[in-house]
Amino acid sequence: MELLRANLPRVRIPEPTNRIYKHECCISFDTPKSEGGLYIDMNTFLAFGKDCVGWNFEKTGNPVYLHIRQTRKLVCEDRPLKKPTLLAIGVDGGFDNNEPEYEETRNIAILPDYVRLAVDAILMAEGAERKEQVASWTADKKHISEYALNLQQLGNGVFIHPSGWKCAKCDKTENLWLNLTDGMILCGRSNWDGSGGNNHAIEHFKETGYPVAVKLGTITADLDAAEVVGSFTVMYMSQGIVFWTDDRRTEDKQNLLIVLSKIGALLLSDVFSYPEDESVLDPLLAQHLAFFGIDFSSLRKTEMTTAERELDQNTNFDWNRIQESGQEMEPLFGPGYTGLVNLGNSCYLAATMQVVFSTRSFCSRSVYHSSIFCMIYYMTQSLKKAFEAAPADPTVDLNTQLAKLAHGLLSGKYSVPAPEKEDTTNVANATPIAKQEGIPPRMFKGVIAASHPEFSTMRQQDALEFFLHFIDQVERVNAGKPEFDPSTSFKFGIEERLLCPSGKVAYNRRHDCILSLSIPLHLAINKGELEAFHKSKGERDTQGKEVSADEIVRPRVRLVDCLRSFVAEEEVHDFYSTELKAKVTATKTAGLISFPDYLVLHMRKFVMEAGWVPKKLDVYIDVPDTIDISDMCSKGIQPGEELLPEPAAEDMAEPKLLADDDIVSQLVSMGFNNLHCQKAAINTSNAGVEEAMNWLLSHMDDADIDAPISQEAQSVDQSKVDTLVSFGFQEDVARKALKASGGDIEKATDWIFNPTNVSSSSDMDVSSSTTSIADSPLPDGGGAYRLMGIVSHMGTSTQCGHYVAHINKDGQWVIFNDEKVRVSKNPPKDMGYLYVFERLNS
């Protein structure tokens, strides 16, 4: 007791702003359920497992801890699974994991009141881990659409019957959307698997510009459904318009439900704004429906909304081949075979990190330099040394969290058979079953995504973008210490050669960590089968017959042809020649100037169709177990070649876009200022009068609106930025792409998918001689590789679906599907999105 009193100054009562960790150790994956439980530092509120708490005492001298231990209840529980009604975790209507119940013990004996108070505050506070999880998972609320508020409806006499709906352009009777301007009923978008509609609703918008539609079958006045809305939002009426607020304390829920039943379940009806490309609120929905003779109170919900369909996809994955479903697969346990729990659409992170920590560079050594821990790899004792080198709060340190993740994945400590959840009658005699619980990478995700607006959410992301972001962050923490940077094992040099019609050449060099390959469909090796299939499919379509999934024939392209397409000659239009002082068509070739330890190949399966519609190529890639890319080595400057001259200052300046005279004159005739009209035309890349007027009306109050054009830097048209953002691209990337492509959206999308294809403003055109790249050393060796990892994607775009990793370990293929780790019987080598090759010893 005297010792405890002596240390009372170290004990703090947590404030509401303090982050309290009480569910997981900050440097291991131990929890209160682990053997030995969890120890919470009463000064820093950081949690430690039994193996780590001594390290914290040695480092900080803090002796007072709250010890929490949870043991499974010895009672039988039979809770039915509740179907979630909200895309959230830990809130009413959200996901219920039906976890078994635990008894919790707190091992602090006979404490003074002050310490007791501190303990109570920690126990009552919501854990930082849980707060972040719930905040990230809860779905975004819809906003009220200005297009709905200002909707003009045509008095064309259309009357909508309450049933018997069918698409006006095909025979679809499901997934039907009612355009609220003209009353047209049309089918929705086509899904990746061929289900859904035939895109007639969106085609109608493109033809007419009528902006808002509601999904028939989702309109309801059901008060039971309204309860779901009432649990997380309130609304009030003002002049017939509904507004939403988060203030739950001032509204009476019963009155809310009455109002909701009178005006329609706005959140439950699936209203879509095509110009905004998202689901929205139409506060005047009842009025808009009544215009076509529809009484919403007589309708009952018969179809899933878009959000519900998304929720259904999050709870049910049925992609058989990539996940090797329906096959008896042997579970694996032990070092290197630990699964990662899906935190909610975090499979992109799990698949990527399983591959990364299967490489020697990230898991086989620990490096010290000048007594400073430089980078985290996995080996004995590295976890403790990482903690010793960590800052005061290891939960926000990337090095520490990398060490924690490596230890969790590779030590085997957490890769053990889990007890049967259903057998809770006698926990002591519960029989382990052939699966593991896995480890949740919450803290690692929090650190790696802290500065990223997308990865910090619970939305699905692109595994390629995450890999690039991860490599960038690892490189940043090793700034100035490239020799200790494990990310260099993925890096290599690329040299591009541009041949000007003058006969002179320019060279450009850059570093990269992925080789992005286009897929030459015209080189498919099964052209005969494809032609026969398309002919048969056309005949069946005429007869109204469907083709089963097993009968579909897909193009099959060899990986070697994809690699050859990277080094093949291609034309580069609008290349500015410093020799000819004009834009010309140049010829570009590319090659590698070094070969990395690990070669990551990215298959460009996502392309843009006409109308800038994103599409995923349905194609198989024939990938061999070994490849040799030695012939892709760049030859450099050849004897007799003459380099293009260095660009003059005037060549470096970007050409100014001139305003279209017709657009300017039409705007001036409307009474606008001539200078303002020129700026509107320039900032919308002369897209048209309507676009220029919209820009002008929204920029009339700009401080520099009257500045001469020659004195202002040209800006990128925000409407075009928004269009690219709606495709799923980040705003800064969209701006850069539009700037590099002269404001042309089609060229900008091509630039994003392949930055080296657009030349007129790209970095490579500025260089006319072999430029020096970063001084950091690159690994190099032979060009022979073996396939060691595959990251596969299922879904229509990188923003939805599911990722799975297959890795060749210990002489066999293993599937890592979130927390499930099993022997792979048939790895989908021809369906990969990312392929990782390891260099063979030469």
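Placed from the backbone N, Cα and C atoms, the Cβ positions cover glycine too.
Some features that TrEMBL has for this protein:
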{"type": "ACT_SITE", "residues": "Cys347", "note": "active site, nucleophile"}
{"type": "ACT_SITE", "residues": "His802", "note": "active site, proton acceptor"}
{"type": "BINDING", "residues": "Cys167, Cys170, Cys187, His200", "note": "Zn(2+) binding site"}
{"type": "DOMAIN", "residues": "139-260", "note": "domain 'UBP-type'"}
{"type": "DOMAIN", "residues": "338-840", "note": "domain 'USP'"}
{"type": "DOMAIN", "residues": "658-699", "note": "domain 'UBA'"}
{"type": "DOMAIN", "residues": "715-755", "note": "domain 'UBA'"}
Compute the mean position of the Cβ atoms of Cys167, Cys170, Cys187, His200, which form the recorded Zn(2+) site, and then list in sequence order the other residues of that chain whose Cβ is within 8 Å of it. Ala168, Lys169, Asp171, Lys172, Leu176, Leu186, Gly197, Asn198, Ala201
Cα-to-Cα gap, His200 (Zn(2+) binding site) vs His802 (active site, proton acceptor), nearest whole Å: 28
For the domain 'UBP-type' (139-260), would you mind checking the mean pLDDT of the predicted model? 69
Given the recorded positions Cys167, Cys170, Cys187, Cys347, which one's Cβ is surrounded by the fewest other Cβ atoms within 10 Å? Cys170
Would you count the other C-beta atoms found within 10 angstroms of the C-beta of the residue listed as 'active site, proton acceptor' for me? 23
Of the recorded positions Cys167, Cys170, Cys187, Cys347, which sits closest to the residue listed as 'active site, proton acceptor' by Cα distance? Cys347
How do the residues of the domain 'UBA' (658-699) split into helix, strand and coil according to DSSP? 29 helix, 0 strand, 13 coil
Could you measure between Cys170 (Zn(2+) binding site) and Cys347 (active site, nucleophile) for me? Cα positions, answer in whole angstrom. 37
